[in-house]
Structure formats: C-alpha cells, structure tokens
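Undergrad: Can you read through this structure? Questions will come right after.
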Amino acid sequence: MSASKKGSVPAPAGEGRLTFLVWLLLVMAALCIGRAAVSQNTNYIDLGDYAHYQAKQPFQSRLLMVPVLRAAEGSHGFAQVYDTLFRKTVDSPADLAVMLTDSLCLLLLLWATAALRRGFTPEARTSWLAPLVMLLVMALTYVVRYEQRFTMPYDFLSVLLYTVGLVAIVRRQGWLLLLVLLAGIPNRETAVFLVPVWMWLEWRDGRKASAAVYGLLGLVIAIGWRLWIAHFLHTGQAQYEWPFRNNLTSMFVPVHWPQLLSVFGYLALPMWMLRREVRDERLRAMWVATVPFLAAALIVGVWRETRIFGELSALVAVTFAIQLEQKLRAA
C-alpha cells in the first residue's frame, strides 16, 4: 500500500458509500418536501383565476408560472396522469403542475446550494451538509406550519432563481445574474434584491465598473419588467394594508411565538450567536448586502408568514453549515 501524501488525511473507510447514500436520501427528501408543500397546504389564490390573469394583485403580477398552469389545464394526457396517480394527493391538475415544479426546483436547489457552498471558505468537509440544512429550512418554512398555511405557485421557483443568482454573484458571472433577473423579476419581485448584493461584493473587491454596469442593467431589467407587467395586466398601484398591528400581535401574544421563531428554519438566533464563526469576508459581505431584503420583508411582510424570507434558505444553509463545521473543527 502506498503511503498517503504528507499533510493529507486519508478518507475514512466507507465515506464514498456514505456520501452516495446521503445524496440519494436528499433526492428522496426533496421529492417528499416538494409534494408536501402542495398537498399539506392551501392555495391562497385560485389557480384557475391566476392562469387566466384574473387573480388579485400583487399576486397576479408574479406571472411566470401562468404558462405552466395553462399547459397543465389544456393537456388531456396530463389530466389522465392526474386522475390515475394523483387525485388522492392534490386537488387538481393545476396543483399537480405546481407540485412537480416545486419538486424539480428542490432537486435543482440541491445542486445550487452545493455550488454556493463551494464559493466560500473553509473548504467543506462534506458535499452534503449545506444541501441537507437547506432542505430542513425549506421544510420548516413551506411545509411544517400551523399559521399562514398558504402555498403560492411561484414560491419554490423564486427560491431556486434567487439561489442561482447568488451563485452567479459568488462566481462573478454578471451575464448569469442578468439571465436570472430576466426570469426572476416576472416570477417574484424580490429577485431585484440580488442587485445590491452584486454591487456591494463587486465594489468592495475594487471592481467598481462591473458593480455599476451590471447593477444598472439589473435595475433596468427590473423596472422594465414591472412597467410591462402593469401595462399588460392594465393595473394601477395596488392598495396595500401595512401589517404593523399583525406583527405587534405576533411579538406579544405567545401563541404565535413557535411560528415566529421558525424564521430560517429556527436557525436565525443560533446563526447570530455563531456569527464569529464565519471568517470568509465575502460571505460576511453577502449578508451585509442582504440587509435591504431583510428590511423590506420586515416592513411590508407578515412576520409569522415566514415564507417571506424563503429566498434566503440556501444562504442560511450555507452559513449555518460553515458555522457548524467551524465548531466541529474547534472541538
């Protein structure tokens, strides 16, 4: 047997088999969570109205899933698959289309989360820890709830696109970021918060021209989409009820606390306590640049509807995985 290289640590026996098994189980878990997100929750909007551009605002403005639901609605073969295999699981072919979309998005999120983790130091001890944490955060955000048990057809697609956008930022692939914005803005307007993340990370690394050019192009894409959608749907400024009283109730009535504390899959407070375990300056900077997202969610969102923070699930998973690995290294 040849000697191991100086300074290297040989892989434990069976580690490859364990890695394969864990990834296989992650795939199964992703499919389970994708199905449960639809079957265990209630549609907040009527999917038929949404597919025909008749849902209330601002939900109809998030229209990227409309062609998917229309295709499901108009397909005789898809209806037969629904009747044969899924009638007892979900309520309609449209729900089945959302369920399949959610499951596919979660499968792709496994890859995207692993790719995002590779963008930061220290090097991961396993390839699967961050994706595993991501699935737990997604399950606790979109499935395991007792309040605000609503599902939206665009939720998981929004998380996937936002995560791919973060991967583009870490890899400094401005062209990919613009493609994400082209797809993400008509799906959910929160994709625009990728722009300040790009600008801050590029600016602090001395790439000021890149920060300005791609940041400006991103804003042009966002504004252009919003103007076109408003014109297409013939909508004006929607009335909005600020949720201050609702959020105060969440803070001071204990019955809401278990749901409220489920933000980031119950990891918000542990992550804050372990914040010094994050040594990678780019990851720290990414969280600084995420403050506009968090501020907007806290101002206009219902706090115990913790899905308002859902796009950050992969970033949370990567951060907590690094913190956990650092604690294990120090043990």
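Glycine is treated like the rest: Cβ placed from N, Cα and C.
Annotated transmembrane segment per TrEMBL: 20-38, 96-116, 128-145, 152-170, 176-201, 213-234, 254-273, 285-302, in sequence order.
If you look at the structure here, what lies around each of the features I listed?
TA: Nonlocal intrachain contacts for the transmembrane segment (96-116), taken as residues 6+ away from its ends with a CB within less than 8 angstroms of a stretch CB, comprise 23, 26-27, 30-31, 33-35, 37-39, 47, 65, 68-69, 71-72, 78, 81-82, 86, 89-90, 127-128, 130-131, 134-135, 138, 151, 153, 155-157, 159-160, 163-164, 166-167, 170, 313-315, 317-318.
Away from its own ends, the transmembrane segment (254-273) comes close to residues 133, 136-141, 144-148, 303-304, 306, 309, 312-313, 316, 319-320, 323 of its chain (Cβ-Cβ under 8 Å, at least six residues beyond either end).
Counting only same-chain residues 6+ beyond the ends of the transmembrane segment (285-302), those with a CB under 8 A from a CB of the stretch are 148, 166, 169-170, 190, 193, 196-197, 199-201, 204, 240, 242-243, 246-247, 250, 308-309, 311-312, 315, 319.
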